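Following: one structure in structure tokens, then a few remarks.
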């Protein structure tokens, strides 16, 4: 930690604790859940580096693996998988490999995926369509489209592993995210040649890709093809992609027009639709329309969710309309909708921008009395707020509590604190943070 002494500007607050670090146990949690998390899962991870444990309880190992995959901890997942392979009861399964490829794709680890594929073959398993599709996804998400396409070509040569509509859709999704719409067109042509029709998900993927790229003519052209197809009709996801695209492009007229046209097609909106409308009107500064959507939702018995309230709170906060933001936050709590870390981030950012440090203090007090799960972005937000306010003591205390809350500081955390300490001429604190930054694996070049 930084050894530098800083002015203790909020002694009372520091003594009482900024954020309660007591472990708050929910009495409704099942004992089995606690045991699984605290004993089985963590225990398996500790044993993953050892050669001794060859007769572990199957349920514990498999749940530990699922937990690591779910949380995208690819290194832990591979260690646990290696431990799994050593168990006397282990049987190789394609489904397990497919799950591992998924996490490796999410974490952009193509080399690890290639090695894992070799391990799979060495165990005598015959890859399935799902395995190849997952491998294509890994390469695509890692921006290795050549490898993704070569895997697709290999699939075509395997008699019982011909690529299906899901395989093509996964590849299309990767190309859309990389802006390779030339390849998207060639994939669709190839699908037609092979007699593989586009599904609703395929069309939606292309529509969403064009929309996010601001290619509205192409987006509407694909929608026309979808309607003409007749077998894969537009659904609420299509609606959300279309209006979301025009909303992001600040084309409110088109957004509202397509909303009405989809209703005439019999496609009914869902909560995501309304959230998109609220967000779009908010970004455009059309606050009356934003509020009218919320009123419409309540009249139609759509429950306003945490996401809905977060959008409105952030919108009013960014606009500097603090009173309106506070009104919405009060309504949120009155309606029994639970705030999350994103809610509190928006509040802190707005108060910080308005110079209302006292209000930020009140946010901290509310968090102490709640069971909200805090994350690194929240700590970055509130550390920045107190840093800008010149309250270095509180900033430092919050940094300490990050570790107590198991929130790992990232490059934003370090950059924010280093900038603040530099501005105040506290250079020994800067040096200490730079050391911690290096030891944590962060790059000093970002500073």
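Numbers run from 1 along the shown chain.
Backbone N, Cα and C define each Cβ position, glycine as well.
What Swiss-Prot annotates here:
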type: REPEAT; residues: 93-127; note: repeat 'PPR 1'
type: REPEAT; residues: 128-158; note: repeat 'PPR 2'
type: REPEAT; residues: 164-198; note: repeat 'PPR 3'
type: REPEAT; residues: 199-233; note: repeat 'PPR 4'
type: REPEAT; residues: 235-269; note: repeat 'PPR 5'
type: REPEAT; residues: 270-304; note: repeat 'PPR 6'
type: REPEAT; residues: 305-339; note: repeat 'PPR 7'
type: REPEAT; residues: 340-374; note: repeat 'PPR 8'
type: REPEAT; residues: 375-409; note: repeat 'PPR 9'
type: REPEAT; residues: 410-444; note: repeat 'PPR 10'
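According to DSSP, the repeat 'PPR 3' (164-198) comprises 27 helix, 0 strand, 8 coil.
The average per-residue pLDDT of the prediction over the repeat 'PPR 1' (93-127) is 95, rounded to a whole number. Under 8 Å from some Cβ of the repeat 'PPR 6' (270-304) lie the Cβ atoms of residues 236, 239-240, 243-244, 246-248, 250, 252, 255, 259, 311-312, 314-316, 319, 321, 324, 332, 335, 337, all in the same chain and six or more residues away from its ends.
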